[in-house]
Amino acid sequence: MGKYFGTDGVRGEANVELTPELAFKLGRFGGYVLSQHETERPKVFVARDTRISGEMLESALIAGLLSVGIEVYKLGVLATPGVSYLVRTEKASAGVMISASHNPALDNGIKFFGNDGFKLADDQELEIEALLDAPEDTLPRPSAEGLGTLVDYPEGLRKYEKFLVTTGTDLSGMTVALDTANGAASVSARDVFLDLNAEIAVIGEKPNGLNINDGVGSTHPEQLQELVKETGADLGLAFDGDSDRLIAVDETGEIVDGDRIMFIIGKYLSEKGLLAHNTIVTTVMSNLGFHKALDKQGINKAIAAVGDRYVVEEMRSSGYNLGGEQSGHVIIMDYNTTGDGQLTAIQLAKVMKETGKSLSELAAEVTIYPQKLVNIRVENSMKDRAMEVPAIANIIAKMEDEMAGNGRILVRPSGTEPLLRVMAEAPTDAKVDYYVDTIADVVRTEIGCDN
């Protein structure tokens, strides 16, 4: 990743790191780069989630886009995948989403989509970064009729909702509990599930600019678990702040994570002959139980680096149509080009309705192994070379021998901090504690910063 762009756009504390000045420049330089091959006036969609800083950054970003002659369609509050969908179907030059996803309200972010609805390629991001770092802004400064125009486009939300409904099935007789995280899904999820004829109960639907992801949503599903039990709902659905991920809750109040959601949808598609190459794309963080369930079902798997952009890259390069992460990013390429929490929720409910099975029955086919992750602070120069240390390599090999295939160890560096992540999965909590703690002790002794 570059100096400004991470794996999911530009992020930082709003008005401190991600300032209006930077947002203006991102609009100006990003709009210029993405419109270079347009023969007509470029059209760009802009949306945001419900953070208090969203309107400030939106105004600055739009000013930058207008300054290079872009026709801006202002969508207001909308889910990230809604931007991706509209860019493709309305033939726009690009889309921009202002959100920090599952992060707290003080953070925000800006991410771009190309005219194909996919996140920008690395070379495009680097081109924008080069303009940001240039000593002088030498881009054209049109005036009068050369300036961009601004169009309020609330119809975008309705079009996205209509699209979501067309992917589903009649949910009459089903009760669905929704947690919209006081975020972008708060403007759409209720209407979508009512249009599908579900009975609904909703929490996290009163955003005030400061409460996005605060004790609600996919990273805090506890309130949803209680709501499911209180209402007797058939399933619960928790989205994050920009609604690009989903965590589900079964009718007993148990969490159903991204691994299980992918398995349920993947098995359904596979049995109908609709799973491309009979393969699901996942990452090294997916649970061993998920891998074993796929093997038992005869479904292939392709492993991508951690991060939904890398899952998408693997899907695009090899022609797969289903992939995702344990965290709840699920990409169903037949419908959209990025993770879409509401779309995934609708497909999950569709499988339940068409199979006549409860979510707990469907999820039971994946036995989730206990998992433990420990972060160890190490010298930054050593985090990528840990496996070169004989004592560390030897203890990992010893633990893997003891597992005899009934467990998994993953040791990897953090992409952003001087940390080494030690993760293990095993059939029992006691065993997983033993494996992780044994390896972590050796890592701390050999390269830990606290020595």
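Using the three backbone atoms N, Cα and C, a Cβ is placed for every residue, glycine included.
Among the features that Swiss-Prot reports, active site, phosphoserine intermediate is placed at SER101. DSSP assigns SER101 (active site, phosphoserine intermediate) to coil in the three-state reduction, placing it in neither a helix nor a strand. Using a 10 Å Cβ-Cβ cutoff, SER101 (active site, phosphoserine intermediate) registers 29 neighbours.
When Cβ atoms from all protein chains are considered, those within 10 Å of ASP242 (Mg(2+) binding site) total 36, not counting its own. Per Swiss-Prot, the feature Mg(2+) binding site maps to SER101, ASP240, ASP242, ASP244.
Residues annotated as phosphoserine in Swiss-Prot, with sequence analysis given as evidence: SER101.
Taking the Cα atom of each, ASP244 (Mg(2+) binding site) and SER101 (active site, phosphoserine intermediate) are about 8 angstrom apart. Non-local contacts of ASP240 (Mg(2+) binding site) by the CB criterion (under 8 A, 6+ apart in sequence, same chain) comprise SER101, HIS102, ALA181, GLY183, ASN213, GLY217, SER218, THR219, GLY328, GLY341.
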